[in-house]
Amino acid sequence: MHSNNNHISYHDVQLQEQQLNQHPDIQSQPLIQILLKSPLLIQQKPQDPLQPPKPHPKSKFTLIEDQRLRNLVHEYGESNWRIISENMGNRSVRQCKERWTNYLSPNISNDPWSKEEDDLLEQKYIELGPKWVKISQFFPKRTDSNVKNRWLVLSRRLKKEKRLQVLACHSALQHVYLKLNPEKPKKSTAAMQSTDVSPSTPQFRKTGVQSLLN
C-alpha cells in the first residue's frame, strides 16, 4: 500500500509548470532536480477544513483523462482510489472507480453489441425486468451499467420504430378511406343562391305560411 506522505497531487504539478514558465532561467536544469528542490515534496500544505471541496465536473472523461487513469491504476492498483483521485485533479473517487470499472478495465468488453446480444437483452428484459445485475450475468465482459445503457438505446430505437409504424398505418388507412369515399364536387355559388331559403325571400314567405297553415 502506498503512503500519502510527500505526495504530489495533480494540482501541485500544475503549479510547478507555472513556475517553470515564469522563470525560464531554470528551464535548462533537469526537471527531476527542480522537483526535488520543491517544497511541495518536503511538506504538503494541509487542506483547510473550512475551505469548500473542489468541484467534480460531470462532464465526460476525455481521452487524456482516460489514459492518465490507466497509468495511475497501473501504478497504484485498483484499491487506492483516493490517491488516484488526487492525481486526476478534479475527478472524485467515485468517478475514477466507476470509469475504470465500467469502461476502461481490461476485464470488460467495449466492442459493439451484436444482433444476437440485442435479441438476448430484449428477451431477458421481458423475463426479468430492469434487474441489470442479473441480466449482466448472461453477458460475459458486460457490466450492469453497459447492459442498462444498451437497453436505453434499444428502447429509444423501438419507440421510434413504433411511431413510424403508427404513422405509416394512419397514412395507409387515410388513402383507403379517400379511395372509397371520393370527395363530392362543391356546389356553385349560383346553385347555392337558387336553393337559399331565408325569411326575407318570397319563397320562404310562401312555403313558410303554407307550412304553418298545414
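Glycine is treated like the rest: Cβ placed from N, Cα and C.
Keep in mind the model is a prediction, meaning the values are calculated, not measured.
Annotated features, as they stand in TrEMBL:
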COMPBIAS  190-214  compositional bias 'Polar residues'
DOMAIN    58-108  domain 'HTH myb-type'
DOMAIN    58-104  domain 'Myb-like'
DOMAIN    105-155  domain 'Myb-like'
DOMAIN    112-159  domain 'HTH myb-type'
REGION    184-214  region 'Disordered'
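Across the domain 'Myb-like' (105-155), DSSP classifies residues as 31 helix, 0 strand, 20 coil. Confidence annotation: the domain 'Myb-like' (58-104) carries a mean pLDDT of 91 in the model. Secondary structure of the domain 'Myb-like' (58-104), assigned with DSSP and counted as helix (H, G, I), strand (E, B) and coil, comes to 34 helix, 0 strand, 13 coil.
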